[in-house]
């Protein structure tokens, strides 16, 4: 797995330095209409057991963590996750077709080539500010 | 509130026994019926991958340019059909991006394939919305919408399942749960095969389609 430079872009409060979460492969998909929800993806690895409990961004009214549940009938339903478990040392991946961050109430479209700033809050109290690139509407992931 | 047992007349006790008996029989009946229904009804909930008579491309809808269309408008080509909705943040863009990759990989052979995206949320996915939406994915992609009844009929003919689910976290308070299949239909509208994004790389699907053309 490619660790992008995003990991270095994170800003941890110094006193939470022991709870270290590494973010990699973060990206968002350009949205087509501002009135439609957008999706962002990333991989989180925490060096201690933690939970991702909130995500905010200035340009979206709210951000929710969604899992896609596919039943035996191959019907896909989205399920909201209030707190995403981050087992110690285990990468948790949000990727197309599985888990994603859904951004709703966008004040503007996510334009390809721009960056999307996100603030992540963890159950441990840690808080991170990251920025992920906005890729094309047909993108399936960050380029290797 | 309590009733002294000694005060209950025998008739009332008999009546009570009969009523409790009736309740028991009713509960047992419902349980047996549910069990039978789950057991017998199981087969009908599964999408069948064979049986041409079951799945067919038959619809009367409006395309993203505002033209009223039926399956006959695409009868000279194979059809690659996906059902979804534009308020879907993940599965739909992912699948449409995948279909677009397949079309690009088909090159000139894509002339023989009509890629169709049918919304299951026509209330919000109007013609202008569909026009803007499909144009972003692929110039060949056709977006179809219609009345609730027209969409229901199209999905019935494709045996494509969808359901409105209320969700506070969703735009306007609801999502459309839907099957994520990509149907490959023959030029006559008969069923050929069904695929899913993630089931095989786009190269493999393009190759498989090319072999069939």
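Along the chain as shown, residues are numbered 1 onward.
The backbone N, Cα and C atoms fix where each Cβ goes, glycine too.
Caution: TrEMBL annotation is automatic and unverified by curators.
What you are looking at is a predicted structure, and each value in this text was computed from that prediction instead of being measured.
Lifted from TrEMBL, the feature list:
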BINDING   B:88, B:92, B:178  Cu cation binding site
DISULFID  B:88-B:92  disulfide bond
TRANSMEM  B:18-40  transmembrane segment
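In sequence order, B:175, B:176, B:178 are the residues of the chain that are 6 or more apart from residue B:88 (Cu cation binding site) and have a CB within less than 8 Å of its CB. Counting Cβ atoms from all protein chains shown, residue B:178 (Cu cation binding site) has 26 others lying within 10 Å of its own Cβ.
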